[in-house]
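Here's the structure, in structure tokens; my notes come after.
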Amino acid sequence: MLTKFFFISLIQCYFFQISFCVHIGGTSMDSTHYNRQLLQYQCPINNQIKEQHQTTYWINVRSFSLINDTNTNNSRHLIFNNGEDRLITRASSGAIDVDNTDPLDIDQASMNIIVDKQINGNLTVYIQVIECIDCPYEIITEDLSSTKLLNLTLNTKFNYRIRIESNNLSPCLESLKLYEHGHYILNVQPSPSTQTNSSSNSTLKCILTTQRSANNVNTPLIIAGVILLVLFVACILGQRMKVREHLLNLKNKCLKRVPPQESSQSYDLQACPPTVVHDATITTDGTTPVTQLPPIHKISNVIVPRSKRLLSLDAFRGFALIAMIFINYGGGGYAEFEHAPWHGITFADIVFPFFIWMLGTSLVFSLKNAIDKGVSKQTLIKKIAIRTVKLFLIGFILNTRFKVDFKEVRILGVLQRFAIVYGVIATIEVLFTRPNQYLLIPNTQTSTTTATIKTGTAQRLILLFRDIINFPFQWLFNITLVTIWLLIIYLVPFENCPAGYLGPGGLHENGKYENCTGGITGYIDRIIFTNKHLYPYPTCQLVYGCKPPFDPENLFGAIPTIFLAYLGVQAGRILVMYQTDVDRLVRLFIWSIISIAIGVGLTAGTLTGGPMPLNKNIWTLSFTFFTAGLAFAGFSLMYIFIDMLKWWNATPFQYPGTNSILIYITHLVFATYFPVQWVVVNTHAAHLAMNLWGCIFWIIIAYIFFKKRIFLVL
């Protein structure tokens, strides 16, 4: 009854618009793809704030002259951001005043460019975003002189190169790393040789000085990190000291209650109670089939003991989910928690791959349990198909939460990619897996090494690598898929774009492939879904100025994502087939090292270059290996502290980890509602505090669901 009431309330709140809205501008959240334009219509207060504080631009230019200059023909649109042109404006004033600066907003710095009076003629100013790989310099102005002051307001999330040149002088080059609310002066002076030699070899010299010190934007982040670390340590100490048990005993003594007796049956989310029979199912987020538990009366005095499931799986999944919520809610406005403009990797880029990896890991436990119970493959395939359709439909419905327009609605998304990967990898595992493939090592064998001393070399290799050798058809299928992906990516040209192009288009490579955003990966989506049904605000718009829509959860990118899930399957096999902690950890860390090495090797050690750069949008194979290696390592560390040493009981990550689908859906639906988020002052400290509160809020909700035994199983 409580579950039905919750879902009815959820639907009612979704359609009932309340007066609290959240400001979500200025951050890249392509994990969930909020439609900011439609959101502004729902939140007029935030729209007014955005008009007053336009912070999403890359650079704003103002030119002050001693002579009135009404010619604005040189004003131009440089960069596109979320469908809005970032206009560079030019103005005039009667005098040069370096102290006349407008107030700066979040992630803004001001720089005045002043030309020495000894320099005659007009100068041309070029600027380039360093994060824009293989992009050209762009002209800011062509008429800068000693009688003018050029004021630039720049976005401090990026680094810049500035180039100033004239017809008869060699240019000056300067790399700029500016900080929030800093005021800088760039003096353009003739070099000492210029004053004595007027030859063509004379050069300009640029000297950058700080007029007003900048803010340390990392201070709130450091303080928040210290607070969270202290709370985490306190949680572990409380667990070790059994604080909760002492408080319960004290409460029972004060209220004169009889201490409840522990049940002889374990409350295990992995298995059904022996008195209840259910069909086993393959789940997307559980380590074994999650079935409905028998109801327990509110006044029952039976203590449910701690679950015996592998808690590190829940903790790792819960950590990834909370990290995704933090990123989706804005990440405090920090560039470190935004997605890479195109090539490269940030913290925000590794969260979704962790979920995909965990999908494969959990699938092994579910499948083995179903096989052990004798569930037919036909039944399992049917359940997989139903669950795949459910996941895809839920993801599609979430895409319509701001506006229902079937002519333009986005078809793909996070849950849609999850559904495709799950459907393929689960089907292959069911079709090709046999019960004897998961045979465990006999208990008389203390370790893999000692058990194989008396056997031949072939038998020793089989025992050492049986988690690979026992599954030839699965490996063959996945390797075939990856081979097909590689051949299409690097051998198939399209339209006016070359084969093997992996760039963002736009300004990349001097605009040579302006409309080739995403290579053939983007082309396939544009052919199948058309531009109207793709994500219109890719991350490359901000830096590269790419124009075509590009969906980061694209259809063709599902192939290397499937391989990432299969690497997670490999981790699950290790956990199932090897029973000692040493055997498990050695293999997990070896897979981590190998995967990271392959991922970095495919980029030639650069991460952003080489034959195959790391790229989440295209989901390159290098990205698959690199993130899989991180997942192997991250899970192994949690396994050591939680399941091996038992220093940590996985709190609080186990609560969202056991109910990840429900928390994921609700955190999106209620993203713009109080008390999850609300309008705050436009500073990193305020945004960070609110975004962390959003994470804590959903941890609390997940804890309540856990205690009430409310679990969403698709």
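Glycine too: its Cβ is placed from the backbone N, Cα and C atoms.
Lifted from TrEMBL, the feature list:
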- 1-21: signal peptide (SIGNAL)
- 221-238: transmembrane segment (TRANSMEM)
- 315-335: transmembrane segment (TRANSMEM)
- 341-364: transmembrane segment (TRANSMEM)
- 475-492: transmembrane segment (TRANSMEM)
- 555-576: transmembrane segment (TRANSMEM)
- 588-607: transmembrane segment (TRANSMEM)
- 619-641: transmembrane segment (TRANSMEM)
- 661-680: transmembrane segment (TRANSMEM)
- 686-706: transmembrane segment (TRANSMEM)
Outside the transmembrane segment (588-607), six or more residues from its ends: residues with CB under 8 Å to it: 343-345, 567, 570-571, 574, 613-614, 620-630, 632-633, 635-636, 639
Contact between the transmembrane segment (661-680) and the transmembrane segment (475-492) (at least 3 Cβ pairs under 8 Å, separation 6+): no
Stretch-level contact, the transmembrane segment (475-492) and the transmembrane segment (341-364), CB cutoff 8 A, at least 3 pairs: no
Other parts of the chain folded back onto the transmembrane segment (619-641), taken as Cβ under 8 Å at six or more residues beyond its ends: 310, 312-313, 315-316, 319, 345, 349-350, 353-354, 357-358, 361, 482, 485-486, 502, 554, 557-558, 560-561, 563-564, 567-568, 571, 581, 584-585, 588-589, 591-600, 602-603, 610, 612-613, 647-648, 650
Listed stretch, out of 315-335, 341-364, 686-706, that has the most CB pairs under 8 angstroms to the transmembrane segment (555-576): 341-364
Intrachain neighbours beyond the transmembrane segment (315-335), with Cβ under 8 angstroms and 6 or more residues off its ends: 24, 26-27, 29, 31-32, 34, 106-107, 157, 217, 220-221, 224, 285, 346-348, 351-352, 354-355, 358, 362, 634-635, 638, 642, 648, 650, 652-658, 660, 663-664, 667-668, 671, 677, 684, 687-688, 690-692, 694-695, 698-699, 702
